[in-house]
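**Q** Quick one: the structure is below, and I'll ask about it shortly.
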Amino acid sequence: MGFVGGQENGNGNGNGGSVSEFHLGNKNNRYKRMDSDVSEEILDRDHQTKRFVVACAIFASLNSVLLGYDVGVMSGAIIFIQEDLKISEVQEEVLVGILSIISLLGSLAGGKTSDAIGRKWTIALAAIVFQTGAAIMAFSPSFGILMVGRLLAGIGIGFGVMIAPVYIAEIAPTVARGSLTSFPEIFVNFGILLGYVSNYAFSGLPAHINWRIMLGVGILPSVFMGFALFVIPESPRWLVMQNRIDEARVVLSKTNASDTEVEDRLKEIQLAAGMANAEKYEAKAVWKEILKPSPSVRRMLITGCGIQCFQQITGIDATVYYSPTIFKEAGIHGNTQLLAATVAVGFTKTLFILVAIFLIDKLGRKPLLYVSTIGMTTCLLGLSLTLAFMGDGKVGIILAILAVCGNVAFFSVGIGPICWVVSSEIFPLRLRAQASGLGAVGSRVSSGVIAMSFLSVSRAITVAGTFFLFFVISALSVVFVHTCVPETKGKSLEEIEMLFQNESEWNGGEVEMEDAERLVQKG
């Protein structure tokens, strides 16, 4: 094929037939054939590296499936746990909501752990800890033992959720880093869907067995992690930090298409690793700057931490965890029918996170945030009114399902993934890790508070009243997006920083070219 291609492209004058021209053409074709072989070899290596990196990203993201699966499966399993173990409403709330708080502790501990034993083995540790927790939950005879398993599962999930994006970012080539680091978010939603499907599949079994199987099935993704350890390499950045340069070069040769890229990337990593110690000494100064911020840093913190909190306090985790409770309030009473309705919610959430991945760099952050927050606000109001005035009727049931599916769809297409994108873009490099971590703390704590208070608040003001409260908060999120979140699509880091230099630009104005040039000159 390469030889034929060489002939087609090699003869510029279009004449043939003479012996001399034939020999000349043959010589040219020999060189072109060699070039073609080299080109095919480069393309083949490029395809191999892409496949290898995608495989590594998928395996690393399996731990994110655990988080999604636990969120999804607990929404149905809690029905049968309550029936089997006779737990109270408060115990039910604690059991559901404690995961967010504990996973946060696992994530905070995961940083030092991954530096000590490596990224790859932190992924393995996450799987082992979760497996232990899931096994204890599946065989627990009482609420106390169930909580022990839940705590271990939460720690394992915290490790896994923290390490997956770090590992992927460090192993992926620069050109593919953005799309590959979105894998964990996709896998979380896929896990939620699997949890819902598991609920539906095992709901017909006796109540003292089905919830144990539902929770036990969560072990399977972490079992696959064991096989993954034979495939995925250690992070090249961690290897360089351990002064294992040759091993890092071998890993980079598997994830980069050319030897030049390998050496360039290795030099970048060595430079970054050399700066790591200096960054440790600067950490105190960074926290001082965050705790006593300048006006521009204060605006960054309001935007970054605010969008993380609004992502959760609009009630998305309550909607996902307690969707059977919502549908029961709407008039669906059979457990199997309840869990079938939640499967539709899982499909919707998974589908629209994929839509967001394609749109976020085309339409921009702010338009999608407007669509998301306005859509969520409308759906939450519709759900509240439906539950208040149309309960127990066929029309009310359909409207409730549509409102819940609409809410998760608008969440997944906008504020769900975009809050993480915005948080990673708006902070300057010196503040990024600590400020993003602060935002993540706000997100997890908000999630835990909402999940652990939903039933109590619903008992006090009804489920319809609770979702009216979420509607009010969601309406405030629209105002927040308008006043506090600038558009960052297509802007350089200098331009993004300039957005926060004065309040009018932060409130939605565009960066003028002369302002950007002045900032660059100042830097």
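Heads up, the Cβ atoms here are built off N, Cα and C, so glycines get one too.
Unlike curated entries, TrEMBL annotations are predicted automatically.
Checked TrEMBL, it gives:
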type     : residues : note
TRANSMEM : 52-81    : transmembrane segment
DOMAIN   : 56-489   : domain 'Major facilitator superfamily (MFS) profile'
TRANSMEM : 93-109   : transmembrane segment
TRANSMEM : 121-139  : transmembrane segment
TRANSMEM : 151-169  : transmembrane segment
TRANSMEM : 181-201  : transmembrane segment
TRANSMEM : 213-232  : transmembrane segment
TRANSMEM : 338-360  : transmembrane segment
TRANSMEM : 367-391  : transmembrane segment
TRANSMEM : 397-423  : transmembrane segment
TRANSMEM : 461-481  : transmembrane segment
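Tell me about the surroundings of these features in the structure.
**A** For the transmembrane segment (93-109), same-chain residues at least 6 beyond its ends with a Cβ under 8 Å from one of its own Cβ atoms are 67, 70-71, 74, 78, 81, 87, 126, 129, 143, 146-147, 150-151, 153-159, 161-162, 317, 321-322, 437, 440-441, 444-445, 447-456.
For the transmembrane segment (121-139), the residues of the chain that approach it from at least six positions outside its boundaries are 60, 62-63, 66, 106, 110, 113-114, 145-146, 148-157, 159-160, 163-164, 167, 212-213, 215-216, 218-219, 222-223, 225-226, 228-229, 232, judged by C-beta separation under 8 angstroms.
For the transmembrane segment (151-169), the residues of the chain that approach it from at least six positions outside its boundaries are 56-57, 60-61, 63-64, 66-67, 70, 98-111, 113-114, 119-120, 122-123, 125-134, 136-137, 177, 180-181, 183-184, 218, 222, 235, judged by C-beta separation under 8 angstroms.
Within the same chain, residues 57-58, 60-62, 64-77, 161, 164-165, 168-169, 172, 214, 217-218, 221, 320, 336, 339-340, 342-343, 345-347, 349-350, 353-354, 357, 412, 416-417, 420 sit at least 6 positions outside the transmembrane segment (181-201) and bring their C-beta atoms closer than 8 Å to a C-beta of that stretch.
Beyond its flanks by at least six residues, the transmembrane segment (213-232) meets 55-56, 59-60, 62-63, 65-66, 69-70, 73, 76-77, 80, 120, 123-124, 126-128, 130-131, 134-135, 137-138, 153, 156, 171, 191, 195, 198-199, 202, 205 of its own chain at Cβ-Cβ distances under 8 Å.
Long-range contacts of the transmembrane segment (367-391) within its own chain (CB-CB distance under 8 A, at least 6 residues past either end) are made by residues 314-315, 326, 329-331, 356, 359-360, 399-400, 402-404, 406-407, 409-411, 413-416, 418, 462-465, 467-468, 470-471, 474-475, 477-478, 481-482, 485.
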**Q** Looking at the domain 'Major facilitator superfamily (MFS) profile' (56-489) alone, can you tell me the average pLDDT?
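**A** 84, rounded to a whole number.
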